[in-house]
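Record features, source Swiss-Prot:
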type: DISULFID; residues: CYS50-CYS100; note: disulfide bond
type: DISULFID; residues: CYS144-CYS196; note: disulfide bond
type: DISULFID; residues: CYS249-CYS297; note: disulfide bond
type: DISULFID; residues: CYS339-CYS386; note: disulfide bond
type: DISULFID; residues: CYS431-CYS479; note: disulfide bond
type: DISULFID; residues: CYS521-CYS577; note: disulfide bond
type: DOMAIN; residues: 32-117; note: domain 'Ig-like C2-type 1'
type: DOMAIN; residues: 122-208; note: domain 'Ig-like C2-type 2'
type: DOMAIN; residues: 227-308; note: domain 'Ig-like C2-type 3'
type: DOMAIN; residues: 318-402; note: domain 'Ig-like C2-type 4'
type: DOMAIN; residues: 408-495; note: domain 'Ig-like C2-type 5'
type: DOMAIN; residues: 499-587; note: domain 'Ig-like C2-type 6'
type: DOMAIN; residues: 600-698; note: domain 'Fibronectin type-III 1'
type: DOMAIN; residues: 703-800; note: domain 'Fibronectin type-III 2'
type: DOMAIN; residues: 805-901; note: domain 'Fibronectin type-III 3'
type: DOMAIN; residues: 902-996; note: domain 'Fibronectin type-III 4'
type: CARBOHYD; residues: ASN193; note: N-linked glycosylation site
type: CARBOHYD; residues: ASN368; note: N-linked glycosylation site
type: CARBOHYD; residues: ASN377; note: N-linked glycosylation site
type: CARBOHYD; residues: ASN468; note: N-linked glycosylation site
type: CARBOHYD; residues: ASN659; note: N-linked glycosylation site
type: CARBOHYD; residues: ASN765; note: N-linked glycosylation site
type: CARBOHYD; residues: ASN860; note: N-linked glycosylation site
type: CARBOHYD; residues: ASN865; note: N-linked glycosylation site
type: CARBOHYD; residues: ASN895; note: N-linked glycosylation site
type: CARBOHYD; residues: ASN931; note: N-linked glycosylation site
type: CARBOHYD; residues: ASN956; note: N-linked glycosylation site
type: CARBOHYD; residues: ASN957; note: N-linked glycosylation site
type: MOD_RES; residues: TYR882; note: phosphotyrosine
type: REGION; residues: 887-908; note: region 'Disordered'
Amino acid sequence: MRLLWKLVILLPLINSCAGESRFTRPIFIQEPQDVIFPLDLSRSEIILSCTASGYPSPHYRWKQNGTDIDFSMTYHYRLDGGSLAISSPRTDQDIGIYQCLATNPVGTILSRKAKLQFAYIEDFETKSRSTVSVREGQGVVLLCGPPPHFGELSYDWTFNDNPLYVQEDKRRFVSQNTGNLYIAKVEPSDVGNYTCFVTNKEAHRSVQGPPTPLVQRTDGVMGEYEPKIEVRFPETIQAAKDSSVKLECFALGNPVPDISWRRLDGSPMPGKVKYSNSQATLEIPKFQQEDEGFYECVAGNLRGRNLAKGQLIFYAPPEWEQKIQNTYLSIYDSLFWECKASGNPNPSYTWLKNGERLNTEERIQTENGTLIITMLNVSDSGIYQCAAENKYQTIYANAELRVLASAPDFSKNPIKKISVVQVGGDISIECKPNAFPKASISWKRGTENLKQSKRVFFLEDGSLKICNVTRSDAGSYTCVATNQFGNGKSSGSLIVKERTVITVPPSKMDVTVGESIVLPCQVSHDPTMEVLFVWYFNGDVIDLKKGVAHFERIGGESVGDLMIRNIQLGHSGKYLCTVQTTLERLSAVADIIVRGPPGPPEDVKVEHISSTTSQLSWRPGPDNNSPIQIFTIQTRTPFSVGWQAVATVPEILNGQTYNATVIGLSPWVEYEFRVVAGNNIGIGEPSKPSELLRTKASIPNVAPVNINGGGGSRSELVITWEPIPEELQNGEGFGYIIMFRPVGSTTWMKEKVALVESSKFIYRNESIMPLSPFEVKVGVYNNEGEGSLSTVSIVYSGEDEPRLAPRGTSVQSFSASDMEVSWNAIAWNRNTGRVLGYEVLYWTDNSKESMIGKIRVSGNVTTKNITGLRANTIYFASVRAYNTAGTGPSSPPVNVTTKKSPPSQPPANIAWKLSNSKLCLNWEHVKTMENESEVLGYKILYRQNRQSKTHVLETNNTSAELLVPFEEDYLIEIRTVSDGGDGSSSEEIRIPKMSSLSSVGVQILKPSTQFLTMVGFFYCFVIQPLSR
C-alpha cells in the first residue's frame, strides 16, 4: 500500500521530468567583480555585471549583505538584463557585499561575492604648519599627515617653488606607507619650504598640503652618530599569492647610512627582487610560498649599524583542485560528490542547493567537502554549489543533479535490427533501455519465452549471449524490460552465415635475391559476404594502392595471393595475410628467407706495412642468409685504373679467414685496401676503403727501356729513354744514371740526371766525330741506392747538315691542279753529309717570300707530285737534302705553268637506246670558255644500281656503245676529258633493266623540257634525272 502511494505521488513528477529533459542549468558567463567607486565622479550610476546561459533563459535576483533586494520598492536599484544598476550611489546605503542569483526551471546558482566600496580623499586643513629647525648634519622627518580618505594613496613632495618633485637618493626618502619625507643628513641646500602632494588613484583626485618650512639652526653642526631607523616594516605582513610585496626601511645618520637587505634563514634573495634607487624599498613581485620568511634591513655607517626585521606570511585564496560535475541518477540511487580546493589557510566547505544553504538530515550528509544523499527522490533534483572559503575569498563550483524516474523506453536505444553471426561463433545482442530505476530484462525468441541453457546466457547488463551458434539459432529475438513504472520491448533479427576458412595459406619460403615469388592466400567463404585481403610485412601494412615497388596483389574474389617481384634482401621477414569480413578477421603467417651475396666486410684495418707487403684485418659483414665462402682483397693507388685484385698469403681466403698479408706491392706508393666477400649466391658489395697508407721506400728495380737517341748538333751525343712511371720509382730522390762509351773503348763515362721527368740526355764534346757509334746504358737510383741498368744500345753522335744540292731538277705540269718535280739523287759520303731524304719547296713567283709549301720525301725517292694547285699559274720549285742535323743547300729554282681549268659545262642532251644487251648513247659536244682547256675526249662512268664498283669507258667522239647484260638497272654519267683534267659530270641517268621495258626507247634530257619522239621502231622515254 505504501509503494502504491509513492507511485501515485511520483507519476506527475515523472511526466514533468520527461518534458524537462531538454532543459539546461544556468551557467555564469559573467559574474560581478569588486568595485571601488570614486565619490567625486560625475557618473551617476554603478553597474555590477551578471550574465548566465541556460534553457530556458534564467531570470535574476540580487542580494546585498545577504538580504534580497526588492526591486519593486525602489527605483534606486534596477535590473539591466541580469546586471544590477545602482542609480545615484550613496556610501551609507550602497556600500557592502553583493551576490547575483540566476534561476530557471532546472534550479538556481549563486555568484561570487562582489564588494562595493567608495574611494575619496578630503582636503588638507588650511592652517599653517610649524617651522622645523635642525642643525647641519642632523637627520629630520617632515610629516605629511594625509586627510581622511579611502583607497590607495601615493605621495610626492615639492621643494620651494620648484614644480618638480623631490628626487629620492641615499639621503632622501618618501615613504609610500606614511607619506613622510625623511632626510638622513641635512645640508645647507635643504633649507626651504616643503609641500606634500597626495593622490588617490581610485578617487581620481590629488590634494596639496600646507608648506612645512625647514630652517637651519645656528648653534653648530651636528657631529657624527650611528644610524637611527625611522622607517620600519611591520613585524608580520600577510602577503597574497602573486601579489607584489614592498618593504620600506630608511635610517637617519651621519654619515648617510647605507641600506642592505637579507633573509634571516640564510637563503639567497629571489632573483626577481627589485630595489629602489635609495635601496630603501625592497619589492618582491609575483609573491609565492617559497618567498615567505623573515627579512632583515641593515642600516650602517662608520659610527655603527642598526637593524629592522619582520616576517612575510604567505596566504592564498581558495583555488579549485577538484570540482563537482553534472550527475544524472535514478530514483532511489545514492549520490556521492566531493570537491577539493587549495588555499592558505585551508578553506572550509559549504553546500548550497538552488542558491540556499543545504540543511543536513538523515539522508543528506556533508563533511569536509563531500556530499552524500541516499535514497534519492525526484525532489532532490536541482543545482548544487560547493563553496570553498577562507578569510580571503569564497569560490563556488556548480553542478546539476537530475533524479530520473521513468518506465523502460527503447526509443533512443532500440535493439539492433539485424545481427549477423557465423556458424560456430558467439553473438551478444545488447538490451539497454532507458529505465529509472533499472528494469528487469527477459527475452523471447519468436513468441516463446527464451530460457538460459549451456549455449544461451542472460548477462548482467541485460544482453543476450549465444555461444557456438548454429543455423537453427536464426530468427527474431525480443527484449522485454519492466520496472514499477511500466514495461517496454524491442525486437531484432539474427542472421547466421557460413564461416570463412583460409584454404591455402602462405608457407615458409627460401629464395634468392632477384627472384619473383607468389605467396598464396586463398579462402572459402559465405557467398553473401565480401572478403577483404590485407597483407602485412613485419607488422606494417603493405599499401598496394600506392603502387609499392616489388609488391602486387594477384587473384580473384576469393584469392589474395601476393606477388613479390625482383625480391631483395630487405624483403626477408614475416608476411601476414589477413582476411576480413564484416564478422571476423582471420590471418596466416609465413616466414620468407631471402638469400643474397654477403654484405660489405667491416672495420678493414692495415696492421703493418712494408715496402712490398701489407698485413690486413677485417670483420665479416652480414652473410645475408648464405655462409661466406671466400674473401678477396683489392687495392687502389693513384696510378691504377679502379680497384685491382692482389695476391695474398694465404693464397685463398676462406670464409673463416679475417686477416691476410698482401704481397707484390710497389715500394713508396700510396695504397687503399678493401675486402670483398662471396658466397654461393654471388659476390657482395665491397667494404669501405681502408685509410690511405704509403709502402716503405726501396732501391728501384726497374730499368728504363727503349734506349735510343742520335741526332742533335755536331759534337753532341743525344741519348733518350722511356721515363720510369712514378709508381715504379720506389722512393724519394729518384733520378737516372747515364753510362756511355765509344764503340771499342773499355772505359765507361757516367752521368746522373736528377730530374724525375727527364727522358733525354745530351753529352757535348768537340772531339766527337759526326755519326760516331757509342755503347749506351741507362739506369735508375733513389735515396735508397742505385738500381738496375738497361741493356746496351748503340747510339750515334750528331752529324753535319748535307753539303751538296741536288742536280738535274725539273718540273712538269700534268693538269690544272698538279705538277711533278724531279731531281737526281745525291751520292753522299761521311764528308758531304748523310742524306736521309729530300725536301721540295714551291712558290708562285720568283721570290721565296711567297712560299706556298714544302713537302718531304724519305730515302732515295727522286720525284714528287704536288696537288691542289691553282690553274693556269706559274709555279717555282727547288729541292734540298735533309738529315737529323737539318737541311742542305737548295737546287736552282725551276718553273712551270699549270694547265687551264677543265671544262665547267657537263655534256648535255644525252639520248640513249637499248636493244638486247647493247646500249647506244649520244650527247652534244661541250664547248669550252677561253680560260678553260680544250675538250680532248669523254669518259662514260657506269655501274649497276646495287653495286659500288664503277667502270670507265673513254672516247674521243660524242657517242658510245656499251655491251653489258641489262639484268638490273644501270646508273650512267658522262664527263669531259682535257689537259686541265676531268670536267663536270652530267646528271646521273638510270637505265632500267630489260624486263621493265615494253620496248626500246630514247631518253632525252634538257634542263626544263620533257618530250617524246619516235626513232625508227623504238619508243622514246623521257626520264627525270636522279638526285645526286
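Any Cβ shown, glycine's included, is placed from N, Cα and C.
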Exercise. Quickly jot the same-chain residues contacting the region 'Disordered' (887-908) by Cβ under 8 Å, restricted to those at least six beyond its ends, or write none.
Key: 801-807, 809-819, 821, 823, 833, 835, 839, 841, 846, 869-881, 923-924, 926-929, 931-933, 935, 938, 958, 974-976, 978-987, 1005-1006
Quiz item: Of the recorded positions CYS100, CYS144, CYS521, ASN860, ASN931, which sits closest to CYS339 (disulfide bond) by Cα distance?
Solution: CYS100
Practice problem: Please list, for the domain 'Ig-like C2-type 6' (499-587), how many residues fall into helix, strand and coil according to DSSP. | Solution: 6 helix, 42 strand, 41 coil
Quiz item: Within the chain of CYS479 (disulfide bond), which residues six or more apart in sequence place their C-beta under 8 angstroms from its C-beta?
Solution: PHE410, ILE415, ILE429, CYS431, PRO433, ILE441, SER442, TRP443, GLY462, LEU464, LYS489, SER490, SER491
Quiz item: Counting across all protein chains shown, how many other Cβ atoms sit within 10 Å of the Cβ of ASN860 (N-linked glycosylation site)?
Solution: 10
Quiz item: Where, among 32-117, 318-402, 408-495, 499-587, do we find the most CB pairs under 8 A to the domain 'Fibronectin type-III 1' (600-698)?
Solution: 499-587
Exercise. Determine how many residues of the domain 'Ig-like C2-type 2' (122-208) DSSP places in helix, in strand and in coil.
Key: 3 helix, 37 strand, 47 coil
Self-check item: Neighbour tally for ASN368 (N-linked glycosylation site), based on other Cβ positions within 10 Å of its Cβ
Solution: 10
Exercise. Could you say which of the glycosylation sites ASN193, ASN956 has its Cβ with the most other Cβ atoms inside 10 Å?
Key: ASN193
Exercise. Restricting attention to the domain 'Fibronectin type-III 1' (600-698), give the mean pLDDT.
Key: 95
Quiz item: Would the domain 'Ig-like C2-type 1' (32-117) count as touching the domain 'Ig-like C2-type 4' (318-402), i.e. at least 3 C-beta pairs under 8 angstroms with sequence separation of 6+?
Solution: yes
Quiz prompt | Cβ packing number for ASN468 (N-linked glycosylation site), 10 Å threshold | solution = 11
Exercise. Would you mind pulling the DSSP three-state label for ASN931 (N-linked glycosylation site)?
Key: coil
Practice problem: Could you check the disulfide-bonded residues CYS249, CYS339, CYS431 and say which one's CB has the fewest neighbouring CB atoms inside 10 Å? | Solution: CYS339
Quiz item: According to DSSP, which kind of secondary structure is CYS431 (disulfide bond) found in, if we only use helix, strand and coil?
Solution: coil
Exercise. Drop a 10 Å sphere on every Cβ of the disulfide-bonded residues CYS50, CYS100, CYS144, CYS577 and tell me which sphere holds the fewest other Cβ atoms.
Key: CYS144
